[in-house]
Amino acid sequence: MELWFTERETDNIKVQWKVNKTLYSKKSPFQQVDIVEFTEFGRALVLDGIIQTTIFDEFIYHEMIAHVPLYIHQKPERVMVVGGGDGGTVREVLKHPTIKQVDLVEIDKEVVESCKKYLPELAGCLADPRVNVYNVDGFKFVEEKEGYYDVIIIDSSDPIGPAIGLFAKPFYQNVYKALKGDGLFTAQTESPLFNSQLIRDVYSGIKEIFPIYYLYTAQVPTYSIGPWTFTLGSKKYKKEDARLYDENMKLRYFNKEIQRSTFDLPQYIKELL
Ligand code: SPD
């Protein structure tokens, strides 16, 4: 018998994925955590019925959320990743030779443990001695830091459930405080087609806090229909300050051409902002 997983995109759109098997399924104190193997996109982390990452195209999202801010910073040493318990973002951060410390703040221990076991291509990096894993609330963790991080990356799930506070202005104010004087941050900020109001709100909040701010996109087939957005806020460095991509890093999506055109936006997204 064929097994199909259905993801609800909007009230009127559902997308179906053929499943080979379910590898892990557990209700944590925060959410339902599943690891499934899709027929086309391979193993995937699913939280509360929403696909977070798949082996097939995770590199696009994780490279873009990590390398865009890290190349803009002139010497990133201390990085915090909020959410991202699958480890994909941390894996990309560790590719930068200047990195000394990565604090991964993932509220749900179940996410980290299940990914270590079933998605080792992503979570294997969490054994690196430069990485500290904190299973605590990202909002509170950030609130307690001051002038400490070079780069903060907010790799959250959608703005429902445990991640909701990570899309609000008070959180970005704390992110500003937690960064050093030349620090910058990037957050995943959802689909410009289906979450336009959220993007507008997030962008205007960030604009009131950070002197430099940009939105950029990437096409991540796993997420929704159409492009996905990321919003970057910076205290000092501008996009023009970015160090040139080092080809020895041998990334799969990010390259010199993508770096050059990262912040080019289609007209409908410019108008959204
Ligand atoms: N609609 C799902 C969006 C999820 C974005 N973050 C995923 C975390 C992957 N590291």
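Using N, Cα and C of the backbone, Cβ positions are placed for all residues, glycine too.
If you take every residue in the domain 'PABS' (2-235) and average the pLDDT, you get 97. Among the features that TrEMBL reports, domain 'PABS' is placed at 2-235.
Counting only residues at least six positions away in the same chain, the Cβ atoms of GLY83, GLY84, GLY85, VAL112, VAL133, TYR134, ASN135, GLY138 sit under 8 Å from the Cβ of GLU106 (S-methyl-5'-thioadenosine binding site). In the three-state DSSP scheme, GLU106 (S-methyl-5'-thioadenosine binding site) falls into the coil class. The S-methyl-5'-thioadenosine binding site annotation in TrEMBL covers GLN31, GLU106, ASP137, GLY138, PRO162.
What TrEMBL lists as spermidine binding site is HIS62, ASP86, ASP155, SER156, SER157, ASP158. DSSP assigns ASP155 (spermidine binding site) to a strand. Summarising the environment of ASP155 (spermidine binding site), the number of other Cβ atoms within 10 Å of its Cβ, over all protein chains shown, is 29.
The feature active site, proton acceptor is assigned by TrEMBL to ASP155.
Least packed by the Cβ count within 10 Å, out of the binding-site residues GLY138, PRO162, is PRO162. Per Cα geometry, SER157 is the residue among the binding-site residues ASP86, ASP155, SER156, SER157 nearest to GLN31 (S-methyl-5'-thioadenosine binding site). The two recorded residues HIS62 (spermidine binding site) and PRO162 (S-methyl-5'-thioadenosine binding site) have their Cα atoms spaced 21 Å from each other. Listed binding-site residues: GLN31, GLY138, ASP158, PRO162. Those with a CB atom under 6 Å from ligand 1: ASP158.
Taken residue by residue with DSSP, ASP137 (S-methyl-5'-thioadenosine binding site) is part of neither helix nor strand, so it is coil.
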